[in-house]
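Colleague: Can you read through this structure? Questions will come right after.
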Amino acid sequence: MKLLARALRLCEFGRQASSRRLVAGQGCVGPRRGCCAPIQVVGPRADLPPSGACITGRIMRPDDANVAGNVHGGTILKMIEEAGAIISTRHCNSQNGERCVAALARVERTDFLSPMCIGEVAHVSAEITYTSKHSVEVQVNVMSENILTGAKKLTNKATLWYVPLSLKNVDKVLEVPPVVYSRQEQEEEGRKRYEAQKLERMETKWRNGDIVQPVLNPEPNTVSYSQSSLIHLVGPSDCTLHGFVHGGVTMKLMDEVAGIVAARHCKTNIVTASVDAINFHDKIRKGCVITISGRMTFTSNKSMEIEVLVDADPVVDSSQKRYRAASAFFTYVSLSQEGRSLPVPQLVPETEDEKKRFEEGKGRYLQMKAKRQGHTEPQP
């Protein structure tokens, strides 16, 4: 109890420090002040399809957080995926027919709007917002609750896409039961989101053929200096009952590697600010050896973009070759002991490929910055 009370006091101190950095109606803990759209906590939307909802929750423990008491982004991503998997699998089995399990195919960009601390309770709510013939779109909100004061705050909003896989043959994708929309516009908007993510998934898969190679005696602030890899043997505890890895397990490992890269680069306390779209290109089966590799691609004054690649090697099956299973870009910020954002050492790209990735990262950063500023500008 003493540990819990101390953690909550530290959390409250962090909240006060965060509140001093925020401007009313301007947002959160992103790379710079006013980077996010105004946060509004609302109840379930009445115009969403009546497909039910899934609500989960648990208290944050010390092993969920870093040394500063901030909950790992990967821990939150895993909880988000678990809620999405429950509601999408439930929906896909809502009609008579071949039974299936919903597998994660993609996670849209996710911003970490506010830090979550040890001792707080995470409340995760998920609901279905669109279905195509073979996929389900799920929107997830995460709230943090200080159980001493009762204060609640929105920490994450995420959109995930799932596909139903047959229990008899996990390589077979089944049809999704349709949902009834209260408005025609809602279905049309969902179809546009579906087509956009489908196109981006194809483009991402084709450009993810490269491999992170180690370099001996790299110079500080270079890509090679901070790049990191983690090798993991996929065991039963990582998998569904049907023998392939939970999407949340993969995302947690990806966030762990990205955090190591960020910490090596700036050598301070770091937290996840956002995750660009995570694409799951292929299933990872039990018994595979996966290599999660991370490298710095871009730095602004106060943020770092890290590309994370997941490669799977089916060592128990000599007929299959190593393949790219997932990829994503993570954005991290550096924090002082008081929770204030710190300047980030500027990345020094050396090779032509590194310079190209730096410019591509700069383009993504400027595009997202312009989008945020458009959301925060007052309407005439």
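Cβ atoms are placed via backbone N, Cα and C, with glycine included.
Grabbed the feature section from TrEMBL, which reads as follows:
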- Asn66: active site (ACT_SITE)
- Asp255: active site (ACT_SITE)
- 353-363: compositional bias 'Basic and acidic residues' (COMPBIAS)
- 50-168: domain 'HotDog ACOT-type' (DOMAIN)
- 224-338: domain 'HotDog ACOT-type' (DOMAIN)
- 350-380: region 'Disordered' (REGION)
Colleague: Drop a 10 Å sphere on every Cβ of the active-site residues Asn66, Asp255 and tell me which sphere holds the fewest other Cβ atoms.
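Modeller: Output over active-site residues Asn66, Asp255: least Cβ neighbours within 10 Å is Asn66.
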Colleague: What's the CA to CA span in angstrom from Asp255 (active site) over to Asn66 (active site)?
Modeller: 12
Colleague: Averaging the per-residue pLDDT over the domain 'HotDog ACOT-type' (50-168), what integer do you get?
Modeller: 93
Colleague: Provide the three-state DSSP residue tally for the region 'Disordered' (350-380): helix first, then strand, then coil.
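Modeller: Each residue of the region 'Disordered' (350-380) counted once, the result is 25 helix, 0 strand, 6 coil.
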Colleague: Helix, strand, coil residue numbers for the domain 'HotDog ACOT-type' (224-338) per DSSP?
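Modeller: Residue counts for the domain 'HotDog ACOT-type' (224-338) by secondary structure: 26 helix, 54 strand, 35 coil.
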Colleague: Can you count helix, strand and coil residues in the domain 'HotDog ACOT-type' (50-168) using DSSP?
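Modeller: Grouping H, G, I as helix and E, B as strand yields 23 helix, 58 strand, 38 coil.
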